Amino acid sequence: MRTAYRIETVRAAEAALMAKLPPGALMDRAAAGLAAACAGLLGRGRVSGARIVVLAGSGDNGGDALYAGVRLARRGAGVTVVRLGSRVHEAGLAALLRAGGRVADDPYAALARADLVLDGITGIGGHGGLRPEAVPLVRAARESGAVLVAVDLPSGVAADTGEVAGEAVRADATVTFGAYKPGLLVDPAREYAGAVRLVGIGLELPGEPDLEALQHADVAGLLPAPAAESDKYGRGVVGVVAGSKRYPGAAVLAVAGALRGGAGAVRYVGPARDEVLARFPETLVHEGPPGEAGRVQAWVIGPGLGDTPGLDEVLAAEVPVLVDADGLGLLDPEAVRSRPAPTVLTPHAGEAAQLLGTSRERVEAGRLAAVRELAARFGATVLLKGSTTLVAAPPPGPGAGGDGPASGGAVRVNPTGTPWLATAGSGDVLSGLTGSLLAAGLAPRDAASAGAYLHGLAARRAARGAPVAALDVADALPAAWRDVAGTEPGD
Ligand SMILES: NC(=O)C1=CN([C@@H]2O[C@H](COP(=O)(O)OP(=O)(O)OC[C@H]3O[C@@H](n4cnc5c(N)ncnc54)[C@H](O)[C@@H]3O)[C@@H](O)[C@H]2O)[C@@H](O)CC1
Ligand SMILES: [K+]
């Protein structure tokens, strides 16, 4: 599990640790890790003679960069400091000057010649984005062709939210200290961080992070495995209400996902039975209302639905319900909040904006806030699709909607996303898959995050660098599952 902690938590852990250590020890650890990472980026034997520029802001982030500069200067690098702000970390600057570094006479000339630039303008103490005087320097650093390394965070991005107001440093790599910060894992800020390396400085962090990204082993631990004696009900039956005369394909895609999600059977309800059966003869089909379709352990409703009725009936069921796509447009928060069983909503940014009464741009700029807000407003687990798909559980409240602790627990961020997934119908596959995991008995937050994980992995496998269609993603799900579970085709 990769975890991220907000500034307040990181600062508290730093204060507790600093109280036990001699002054400067933590900064020294950070600088040592940073210098080692820079040496690695420059390449073996390339530190001596390398031209390094330190963009030094006024706080400890600049201090880290200056002390890393000291270590690199001692190994023979030519280190030049560009001062931003009225003051810099004076002890760090003095140490660097003693080690042979110097202050730039002409910052732009220094940047143009640089092999590596350290962005020590701001870290977790920064607010309000890059200041105007920093913008041209940051642009010059970016355009110089030097390797641009952000210290702790790319300056200008918001550590806690991943928001980026105006310009920010676009780093090739970020060396972060003690813990990942949420902004390093969530877009848009994540894109500015480049390759992120975590340097341990000995912080003791609380058990529950603000954000977590599942890895293979975590997902493997969640996936359902059929027992020898399981019948189809034991494995779960998922009902899929999807498709319309106009969009029969959405039904096929949702069923395709559901068949690969671990449920023992898929029941399809809707007008696309012929299309579904032609592709997946194993599907149980029903043309009447969902309530008469027979027993299910979870419902998926929405993909390609148009205005087909059935939502109220499905929401009244005492089993988990996943609402996607067209189903979301018809959703009443109170009807969801008062459900007797958990609900999962899977909007993309546009649908989330509609549900929140805001714009798509605002949702995309503040994805963490949006997913938390939706989970709280609807008392539902929300999977917000996008380049960094997020899953938030609702805070505890009336009904059985919540499965997470106090605040709703850590928001999960999916690490397997790929731009190839931005293709028509891929969301339908995800809904079917996630609904199937719900029917198999996974808790809502686990079903949504394992679903997103497998879906992203399947898309990568199917794409291998070329465009994919949604059905290719569904077809690659078994291989992604084997990858994660560590099973072989013959098992
Ligand atoms: N506290 C600690 O023990 C440790 C801190 N570390 C480093 O210290 C950083 C935090 O240091 P600080 O709390 O001094 O904060 P920062 O250095 O991140 O930034 C605060 C300073 O920048 C100025 N500032 C704020 N917003 C700005 C903006 N938009 N543009 C320009 N200047 C701006 C402030 O006036 C203040 O002087 C971490 O990110 C990390 O790099 C590490 O050395 C590890 C140990
Ligand atoms: K920085």
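Heads up, the Cβ atoms here are built off N, Cα and C, so glycines get one too.
No curator has checked TrEMBL annotations; they are predicted automatically.
Same-site candidate for AMP binding, as annotated by TrEMBL with Lys385, Gly386, Ser387, Thr388, Thr389, chosen from Gly350, Gly357, Gly425, Gly427: Gly427. Among the binding-site residues Asp119, His348, Lys385, Thr388, not one has its Cβ under 6 Å from an atom of ligand 1. The 6 Å Cβ screen around ligand 2 retains nothing from the binding-site residues Asp60, His348, Lys385, Ser387, Gly427. Residues Lys385, Gly386, Ser387, Thr388, Thr389, Gly427 make up the record's AMP site, and a Cβ search at 8 Å around their centroid adds His348, Ala349, Leu384, Leu390, Asn414, Gly417, Leu421, Ala452 from the same chain. Listed in chain order, the extra residues whose Cβ falls within 8 Å of the Cβ center of the K(+) site residues Asn61, Asp119, Ser155 are Leu55, Gly57, Gly62, Ala65, Gly120, Ile121, Thr122, Gly123, Gly126, Ala150, Val151, Asp152, Leu153, Pro154, Val169. Using Cα positions, the member of the binding-site residues Asp119, Lys385, Ser387, Thr388, Gly427 nearest to Gly63 ((6S)-NADPHX binding site) is identified as Asp119.
You'll find the Cα of Asp60 ((6S)-NADPHX binding site) roughly 12 Å from the Cα of Asp119 (K(+) binding site).
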